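To start, the structure under review is shown below, and the notes come after it.
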Amino acid sequence: MILPILLIFSLLSSTSNAAVQDFCVADLASPDTPSGFACKKPAAVTVNDFVFSGLGAGGNTSNIIKAAVTPAFADKFAGVNGLGISMARLDLAVGGVIPMHTHPGGSEVLVVISGSICAGFISSSDNKVYFKSLKKGDIMVFPRGLLHFQINAGGTPALAFVSFSSERPGLQILDFALFANDLPSEIIEMTTFLDDAQVKKLKGVLGGTG
């Protein structure tokens, strides 16, 4: 009988403590640690900490992928720190692509604002692919940690906004993880079944060595 009472008391206590602090605006002058930023002192918090204007302008798509992602994560938007949410803007020029990538820290929801975007993800259980061409107003969800992609599927630039279930969703792009570093070509060839010429070509394009 005592144990259930203690468990209930512990739950009520933790809920009460969580409700005491309404928010934890990131102190961006503090170290960025695996557990996040320290909270700014309440007296130093202003309304500007809860407003981010960086998603109003398009990103620079003059690059190899013809795309740009403008994030509003905790390191840029202090107000989302500790709230488990964030957003980003996705600009895709004609022929633009966000290569296969993953967000280990959170799930993603994408809404198409203009243009057409082919988007999809791959399940980890059976490698089944779920993809579809999305038009203006369509929404698609990408479960946490799964490989996914976005491609401009039309003849005009495309714009989308994405939200995440984390203020620090993380990002790892598969192509860059394999070919934009000094991982030896021999290892990549053995683990991907690509030949030496293909690996060296991709390393050359993405800036890798080895």
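Glycine is no exception: its Cβ is also placed from the backbone N, Cα and C atoms.
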What residue among Cys39, Cys118 is stated in TrEMBL to be the disulfide partner of Cys24? Cys39
An 8 Å radius from the center of the His101, His103, Glu108, His148 Cβ atoms defines the neighbourhood of the Mn(2+) site; name the other residues of that chain inside it, in order. Thr102, Phe121, Phe142, Leu146, Leu147, Pro169, Leu171
With a 10 Å radius around each C-beta, find which of these disulfide-bonded residues (Cys24, Cys39) has the fewest other C-beta atoms nearby. Cys39
Quick note, His148 (Mn(2+) binding site) and Cys39 (disulfide bond): C-alpha atoms separated, nearest Å, by 33
